[in-house]
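Before any comments, here is the structure.
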Amino acid sequence: MFRITDFTYEGKTVFLRADLNSPVEKGRITSDARFRAVLPTIQHLLDNGAKLVIATHQSRPYKGDYITTEEHAQILSRLLGQEVEYVEDIFGKYARERISSLKPGEAIILENLRFSAEEVFNRSIEECEKTFFVRKLAPLIDYVVNDAFATAHRSQPSLVGFARLKPMIMGKLMETEVDALSKAYESEERPRVYVLGGAKVDDSLRVAENVLRKGKADLILTGGLVGQIFTLAKGFDLGDANIEFLHRKGLLELVDWAEKILDEFYPYVRTPVDFAIDYKGERLEVDLLGGEKRLFDQYPILDIGSRTVEKYREILIGAKIIVANGPMGVFEREEFAVGTVGVFRAIGESPAFSVVGGGHSIASIYRYNITGISHISTGGGAMLSFFAGEELPVLKALKISYERFKDRVKE
């Protein structure tokens, strides 16, 4: 795959696909974390004389955070110390004229890509190549730089459609992500411990199955809803209140899959030995084998318990490789952040090379000032797909583009 230093950019028009999809409250962006993550790429391109066309999506139609990229332009302008012009168009006449009139060192950002219907669907590279978006913009572009790792598991026109038409290059963030995740996945150092939590149970089961079957993991520690599904798969009763919640979420049907994983890899999958419930507005820890587990019938599980945290901590401190995705509980409520904070602090204190991803995981790391983690990934679904052994469409497109244009390096 091409790296950003493989080409010179003076006077060249560069289409930069970033992922600036950010949390929004009351119509305003509340975090600039994703903007800061792509700054090194943007700065490199501008410093080297590129005419820069930035593009991103923001949410999806009919959701509350589905807004224009006008504020994205303002945030980028502030962080860069130079104007990034908001272009209220995607591939229409106005956008094309503005791209054609760019001067070296100038930057614009196109309108929210998902305002275009073509950008909402996943399609093959061949189909994406034929979209109006790609056909209209390709003649105006010299290079495509992709820094949207968080969207690398999607196959949409802006992400893969230019791969066979123009050199498609990894941005600095993409390069860092691919290098870190590959190091964790391919490492032969042991023990290799995966921590799977949160609510993306099906994705986590795919990861567990893949890394255990391929010998990439020595132990899997579970929490969040992933931990509850594996606990049920081991034959424990989590009570009516929690069974009903999992049923409403459509997760009970995944218990059979978890059982199959346990049938094959039982000793390597660890589940919580205690849980914390919301007992009349307060945290109450209940041992899975204790007499108080009848409380599970009435009160929801919102975290793993302290005994589980200690057991997990011992394992993590002795690990050589750690991959973690998803929180251990409802960390947004401070009394139920014990599991998430305890486990992530242990990861930070461990001498292991560690990779942590997922939006909620990252939020908890920053909220509780957890340090010492080797790599915090911007990808949630993309990271899970990577460790599930799936080929990410954007990485596939980068490889295809490299094979097609490798003779043009340093032109």
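Cβ atoms here come from the backbone N, Cα and C positions, even for glycine.
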Of the candidates ARG98, ARG114, ARG192, ARG206, which one does Swiss-Prot list alongside ASP19, LEU20, ASN21, ARG34, HIS57, GLN58, SER59, ARG60, ARG154 as binding substrate?
ARG114
Need a hand: Swiss-Prot gives GLY358, GLY359, HIS360, SER361 for ATP, which of GLU332, GLU390, GLU391, GLU403 is also on that list?
GLU332
Determine, from DSSP, whether ASN21 (substrate binding site) sits in helix, strand or coil.
coil
Rounding to the nearest whole angstrom, report the longest C-alpha distance spanning GLU332, GLY358, GLY359, HIS360, SER361, listed for ATP.
15
Indicate the candidate from GLY358, GLY359 with the smallest number of other Cβ atoms within 10 Å of its Cβ, considering only these binding-site residues.
GLY359
Write down the Cα-Cα distance for ARG114 (substrate binding site) and GLY358 (ATP binding site), rounded and given in Å.
22
Which Cβ among the binding-site residues (ASP19, GLU332) has the fewest C-beta neighbours inside 10 Å?
GLU332
Of GLY359, HIS360, SER361, which is closest to ARG114 (substrate binding site) if I measure between C-alpha atoms? They're all binding-site residues.
GLY359
For ASP19 (substrate binding site), the one of GLU332, GLY359, HIS360, SER361 that lies nearest, given that the binding-site residues are compared by Cα:
GLY359
